[in-house]
């Protein structure tokens, strides 16, 4: 495990380490998180919209109770604070002073499926933020030879399994270890590790059967206390928090769900936040925390200390940006406003030409932009917020039609934007899974390139080569009708043809592909063509190779904006043919 830092220095007071859960879709993130939350939430009220703040504390008394058979009596941390929203997008959105809000992470991997696309995205993000993490190898109950055992401890469970099951489990763990090694990560099963600073712990679990959660809590708590004491040392300073969600309550006003990761916050405090119009200051009208007594249970308080999930009712109606910082202002307004501005900067490389990207928060904007850039997709503009009519209007005027695309990640397309789309050629790609959005964006770009290329091909003669098939001679004159193989490019009705010596070889009158008459035909294909103004065995012959005739203007256009390699190679063949009569043909363009 790569830690942020390590220290043996004794610390007088520690705050709760903050934990985020990541992993591929359907690998069990939410189920595992619910199971962990179940160790701290006494009861859950069915139905209705949850009124809980999206962060759950598992206090030290519960951790000690869950892990009492695992020798964890020396723990000094007050508990673990789990971010309730799983996924690498949530992780990316939760920042703290330029780094990740989470002190630790759980990467959930389906032990039977192994590492998948979103697993890779999660690993990339964890490495980027240098966040220590453990692996929950989930769904061990689906491994062959599984025997159900009445225990929630993996260490007890594994001792009661058949050897065939143990072998199957080890094979799957070794497979994950080998794959992780390709990413430069050393890993092993948690109970086989001697140095946790160098090796990532893999904890086999079954979220469905409630196996392995005590070991998850034990490893997380132990790692935090042993290697992250400096990071989780409590400091009595003005409060620093990260906003998870912005809510507009009709009766109350605007509330901010946030994770307070350092210092304190009180009712009446002035707080600085980032809005769509830049940094702003507002006041705390009320503070709420979870009570731990159910999904709908909130408790109003006057003051909160880190680390804790909080709900803040603010005094002003301002457009606060989710994922942005929230800092308590004492006598340091200028410094805090500068800090808000710095932490809210978007770190995305932009290009003179490219697509537009919109996302719900700064972190997700950076996450989707990073993946798009990795695939060579250039970005001209990246902003937080829903897709608006102004976005449609701006993108519709981009000079390159291929870039007239707006990618929306976890955002809505406003009604006025949908109306504007009907009269524009702008494409919108939206979704909530990064790798799927990237795939869809690439498909849209490829389709746009194809359509643009087809439009160009239809507007001018395309350098093409065809070969007459001697076994398919249907008529010798008026017009010649023969079967041909289109070897490169695209032939069209009306194209003039030349021979290999540059002499005129007729004009294409019609094209038939099987029993269908077509206006054009792309290579490779075999079709029948009718050729006007020539006679077979006089101007053209069976086995002849013919070319579509082009002008010097076509050479100029293709050198400015090339087509496929086969077409460009055929262009060079035609230039060589033309230069037999005119050595300077195609040079004055």
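Any Cβ shown, glycine's included, is placed from N, Cα and C.
Range 23-30 is the one annotated as region 'G1', of 15-22, 23-30, 31-38 (source: Swiss-Prot). Looking at the stretches 130-133, 134-137, 138-141, the one that Swiss-Prot records under the feature region 'G4' is 138-141.
From the options 76-79, 80-83, 84-87, the stretch Swiss-Prot describes as region 'G3' is 84-87. When DSSP labels each residue, the region 'G1' (23-30) comes out as 2 helix, 1 strand, 5 coil, counted as helix, strand and coil in that order.
Neighbour counts were taken at the CB atom with a 10 A radius for the binding-site residues 26, 140; the maximum falls on 140.
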